[in-house]
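One structure follows; several queries about it will come next.
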Amino acid sequence: MAENRCLIRLNRHTLAVTIIFKKQCADYGPRLTMQGSKHGSDGAQYAFPTWRKCLILTDACFVVFTSSSALCSMFPATAQIAAELSTTVETLHIANACVQIAMGISLFVWQPIRSFIGRRNAYLLAILTLFCFSIGAALAINASMFIAMRIIVGITGTFLLVAGQELLAETFDPVARGAAFGYMQIGNTTGLTIGPCIGGIIVSFTRWRIIYWLQVGLAGLGLILSSLFIPNEKGKSETVHGSISRLAALNPVNLLKPLVYPNIVITGSERCPEIQHILTSKQDIACGFLVFFQFIVLTSIPHIINPRFHFTTPLVSGLFYLAPGGGFVLGSLVGGIVSDRTTKRYIAKRNGIRLPQDRLNGSLPMWLGFMPVSMVIYGWTLDLEVGGMAVPIISVFFAAGGIVVAFNGLNTYTAEALPEHRFAAISGKYIIQYGFGAVSTAAVVPLIDAIGVGLVFTICAIISVIGGVGVFLVAKYGLQMQNHRFSSRV
């Protein structure tokens, strides 16, 4: 095959890149496209009217809210559950960590299911699983049964997030995609915070099992809405055929391939896997840091807030979740706007050329400013017992908002950088992400008991700065990283 040349000339406001693919790329097929392209649709499959897009977005947000609330709604009821099921609070904390580990590795289960029956059918099956095993959790007669039901419920959550992000990335144009992801993030984060509030209210007036019966109702409604509004994939076959294709679909390495490469800047077509599977491990680790922060805040609230302010009921400590919840909601709204505006600004600077990592620049103030400062204030005001209740509430509000603003750019970046392999790219992110979440969920309470809440959140602030530096390097020098890696592969 004759050599292919892709040349983008950028001087003061643009970027000079020359990529030459020689005959060695012939084995991967004749077509190669650049992700740094004009800012039109980058592989969007759907041309739905606005009202249909709104229905798809609403359903995706509601389903994500349902699955995330299933993860956290029992936090205020942990002591009551432990007492009724004859176990310990520590055992349930470890079980919560196991749920997050299951969430991370669950994509190895859902990826072949999705390949065999299609994304829409797999999506509906995941919601049905959430529905059925929430019933099992509500009817649990001992701790073992309850933990098993919790883990199976958790297995569905990550796939619903991944499939939802993949669907929104195909439905919305790049310049509106950040806002769509922001609304979906609202569903996720409000589930993580409103869920514990609802759980605290329920367990204060009735039995903890009602939490799961409410979950059953939400999952049933989500199943009905998804059956009506979630479309099939268009433009490509959803299922695999033939023995070789079926074996390939069962290969777990497909989800790990993207983690090999240092960065995404230029992606190839579906016939050039060496270039398609270029995912930033730095970005995945950054997402892991954010989930680490998120669950340190959420898991530790009953442990540090109750003794600090002498709360004695789950109702009051559950209401404290409204502070980070408000930050999550505001951050989701602001994050989408910041992400899209940053993308538009860089498109204008390059005369219409869009690179996926541009939107990461919008989250740098969160990494290097809002999050570390807020975490230090939150941790030390609780540790030193100063500032009353107002300062921790305000500081955790801003810390939570910063987490979600940073999340928006990273999530959107992952989903749009590999348009032909979105599922694998997003899945790799969640494998790492929930590994960090499991560590924070299991370790935060013993760590606070050992070194104090002030030092714990100081460590989080330091990690935030390190993560911010990594995101800055990806946003600023991602192209050079990609060119170096690509040259070594070709």
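Numbering starts at 1 and runs along the chain as it is shown here.
Keep in mind that glycine also has a Cβ here, set from the backbone N, Cα and C atoms.
Under the heading N-linked glycosylation site, Swiss-Prot lists Asn361. Look at Swiss-Prot and you will find 55-75, 93-113, 127-147, 151-171, 186-206, 210-230, 285-305, 318-338, 362-382, 387-407, 434-454, 455-475 tagged as transmembrane segment.
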Cβ distance under 8 Å to Asn361 (N-linked glycosylation site), same chain, sequence separation 6 or more: which residues?
Thr342, Tyr346, Ala475
Do any residues of this chain, six or more beyond the ends of the transmembrane segment (434-454), have a C-beta under 8 angstroms from a C-beta of it, and if so which?
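Counting only partners 6 or more residues beyond its ends, the transmembrane segment (434-454) has Cβ contacts under 8 Å with 90, 93-94, 96-98, 100-101, 103-104, 158, 288-289, 291-296, 299-300, 303-304, 379-380, 382-384.
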The transmembrane segment (285-305) and the transmembrane segment (387-407): do they have three or more Cβ pairs under 8 Å, with pairs 6 or more apart in sequence?
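Yes, these stretches are in contact.
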Tell me if the transmembrane segment (127-147) touches the transmembrane segment (210-230). I count contact as 3 or more CB pairs below 8 A, with pairs 6 or more residues apart.
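Between the transmembrane segment (127-147) and the transmembrane segment (210-230), which are separate recorded stretches, there is contact, as judged by 3 or more close Cβ pairs.
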Near the transmembrane segment (186-206), which same-chain residues lie under 8 Å Cβ to Cβ, leaving out any that are not at least 6 residues past its ends?
60-77, 80, 161, 214, 294, 298, 301, 313-319, 321-322, 324-325, 328-329, 331-333, 400, 404
By Cβ distance under 8 Å, which residues at least 6 away from the ends of the transmembrane segment (318-338) in the same chain are close to it?
76, 178-183, 185-186, 189-190, 192-194, 196-201, 204, 297-298, 301, 305, 311, 362-363, 392-394, 396-409
Please give the sequence-distant neighbours of the transmembrane segment (127-147): residues at least 6 beyond its ends with Cβ less than 8 Å from one of its Cβ atoms.
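For the transmembrane segment (127-147), the sequence-distant neighbours (Cβ-Cβ under 8 Å, at least 6 residues beyond its ends) are 63, 66-67, 70, 81-82, 85-87, 91-92, 95, 98, 153, 155-157, 160, 209, 212-213, 215-216, 219-220, 222-223, 226.
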